[in-house]
Amino acid sequence: MATSASSHLNKGIKQMYMSLPQGEKVQAMYIWVDGTGEGLRCKTRTLDCEPKCVEELPEWNFDGSSTFQSEGSNSDMYLHPVAMFRDPFRKDPNKLVLCEVFKYNRKPAETNLRHICKRIMDMVSNQHPWFGMEQEYTLMGTDGHPFGWPSNGFPGPQGPYYCGVGADKAYGRDIVEAHYRACLYAGVKITGTNAEVMPAQWEFQIGPCEGIRMGDHLWIARFILHRVCEDFGVIATFDPKPIPGNWNGAGCHTNFSTKAMREENGLKCIEEAIDKLSKRHQYHIRAYDPKGGLDNARRLTGFHETSNINDFSAGVANRGASIRIPRTVGQEKKGYFEDRRPSANCDPYAVTEAIVRTCLLNETGDEPFQYKN
């Protein structure tokens, strides 16, 4: 398995410089979603002092023609800080800064899905929507070969790898542990991790987060994962079906509840929400991966713990359904439900917005409603 050239550099030499004092200055790494709707970009600027809140961070700009977001003849785009985290790579007082992207005319960039999502979340803030997202990913070498797999073959069939322990079952745990601790340091609301069904496939969970914070925390968790993998010389892919054949795909199962669902007899509200979702299946399929459903078509086959992309289904403890109601929720008659359709490479802003539009704003039809300002 191939690893990157950078991972073979002497990290001790780098540490000699990273241990130098930086005075009162602060390094702020600005992070944004590029024009693919999946990739992340970043660049760093120096601040004179440590910012206490995101509002103290200055707006910045970048060359959108190099990120698939504009043409070269009019390439300046704006970075507007919206969320701030501690930097686990440079450590305190340095910061990671998540940004929204705006075009030259101050309109949101096409892949700035946070802007409208924030507006939708504000409309239902009195219902306190909570989300938890289960991010699956696969570790790969720089040659595109799964981490730890035989160079000219396949590992043993699925079965012993899910939550597995041992060198022959868990591939790349060092990366998982490093990512977990880095997220905790940064202030990302990471709540767990586990090895998944396919060897070299892992999952981490983010949440519960209310409203727009779900997307903010998941995007930063993804960024941290990419940076950790960069240090180890490997790649984390969110491809929903990285290996064709009899291997599990990768999803981003999304758990959702409102205050009413979490209270006594909330199961009635959960069932009402699921009924609304059943009547808008194709709208959600289009929102649940960056290619309008084409990526998920490779994953949602009705096999390997997935539903069929063309059919809506729901059930208690059923991992082959579109919507799963956890058994404990069915017993306690309150709690949350799990939408198992989102792909691993989904935009969390698109997913959470779609759920709120259908379940709380009672939208119907195949297109989102355009609300007046």
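The backbone N, Cα and C atoms fix where each Cβ goes, glycine too.
Over in Swiss-Prot, the protein carries these features:
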type	residues	note
MOD_RES	A2	N-acetylalanine
MOD_RES	K11	N6-acetyllysine
MOD_RES	K14	N6-acetyllysine
DOMAIN	24-106	domain 'GS beta-grasp'
MOD_RES	Y104	phosphotyrosine
DOMAIN	113-373	domain 'GS catalytic'
BINDING	E134, E203, F204, Q205, I206, G207, P208, N255, F256, S257, R319, R324	ATP binding site
BINDING	E134, H253, E338	Mn(2+) 1 binding site
BINDING	E136, E196, E203	Mn(2+) 2 binding site
BINDING	N246, W247, R319, R340	L-glutamate binding site
BINDING	Y336, F337, E338	ADP binding site
MOD_RES	S343	phosphoserine
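Recorded features from Swiss-Prot, shown on the structure.
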{"residue": "K11", "record": "N6-acetyllysine", "Cβ contacts under 8 Å, 6 or more apart": "D231"}
{"residue": "K14", "record": "N6-acetyllysine", "Cβ contacts under 8 Å, 6 or more apart": "none"}
{"residue": "Y104", "record": "phosphotyrosine", "Cβ contacts under 8 Å, 6 or more apart": "S70, N74, D76, M77"}
{"residue": "E134", "record": "ATP binding site", "Cβ contacts under 8 Å, 6 or more apart": "E203, F204, Q205, G251, C252, H253, T254, N255"}
{"residue": "E136", "record": "Mn(2+) 2 binding site", "Cβ contacts under 8 Å, 6 or more apart": "E196, Q201, W202, E203, F238, A250, G251, C252, A344"}
{"residue": "I206", "record": "ATP binding site", "Cβ contacts under 8 Å, 6 or more apart": "G132, M133, Q135, V188, K189, I190, T191, M214, H217, L218, A221"}
{"residue": "Y336", "record": "ADP binding site", "Cβ contacts under 8 Å, 6 or more apart": "W130, G132, N255, F256, S257, M261, R262, I270, P326, V329"}
{"residue": "E338", "record": "Mn(2+) 1 binding site", "Cβ contacts under 8 Å, 6 or more apart": "H253, T254, N255, F256, I323, R324, I325, P326"}
{"residue": "R340", "record": "L-glutamate binding site", "Cβ contacts under 8 Å, 6 or more apart": "G251, H253, T306, S307, R319, A321, S322, I323, R324"}
Residue pair W247 (L-glutamate binding site), F337 (ADP binding site) - Cα distance, angstrom, rounded: 26
Additional residues around Mn(2+) 2, ordered along the sequence, whose Cβ is within 8 Å of the centroid of E136, E196, E203: E134, Q135, Y137, N194, A195, V197, Q201, W202, F204, A250, G251
Helix, strand or coil at R340 (L-glutamate binding site) [DSSP, three-state]: coil
Of F204, W247, F256, F337 (the binding-site residues), the residue whose Cβ has the fewest other Cβ atoms within 10 Å: W247
Diameter of the ATP binding set by C-alpha atoms, the set being E134, E203, F204, Q205, I206, G207, P208, N255, F256, S257, R319, R324, in angstrom: 21
The domain 'GS beta-grasp' (24-106): DSSP-derived helix, strand, coil residue counts: 9 helix, 39 strand, 35 coil
Among N246, S343, which are recorded positions, the residue with the most C-beta atoms within 10 angstroms of its C-beta: S343
Between S343 (phosphoserine) and N246 (L-glutamate binding site): CA-CA distance (Å): 18
DSSP state at the residue listed as 'N-acetylalanine', helix/strand/coil: coil
For the ADP site built from Y336, F337, E338, further residues of that chain with CB within 8 A of the site's CB center: N255, F256, S257, I270, I323, R324, I325, P326, V329, G335, D339
Between P208 (ATP binding site) and F337 (ADP binding site): CA-CA distance (Å): 13
Secondary-structure category, per DSSP, in which F204 (ATP binding site) falls: strand
R319 (ATP binding site) CB neighbourhood, other CB atoms within 10 A: 13
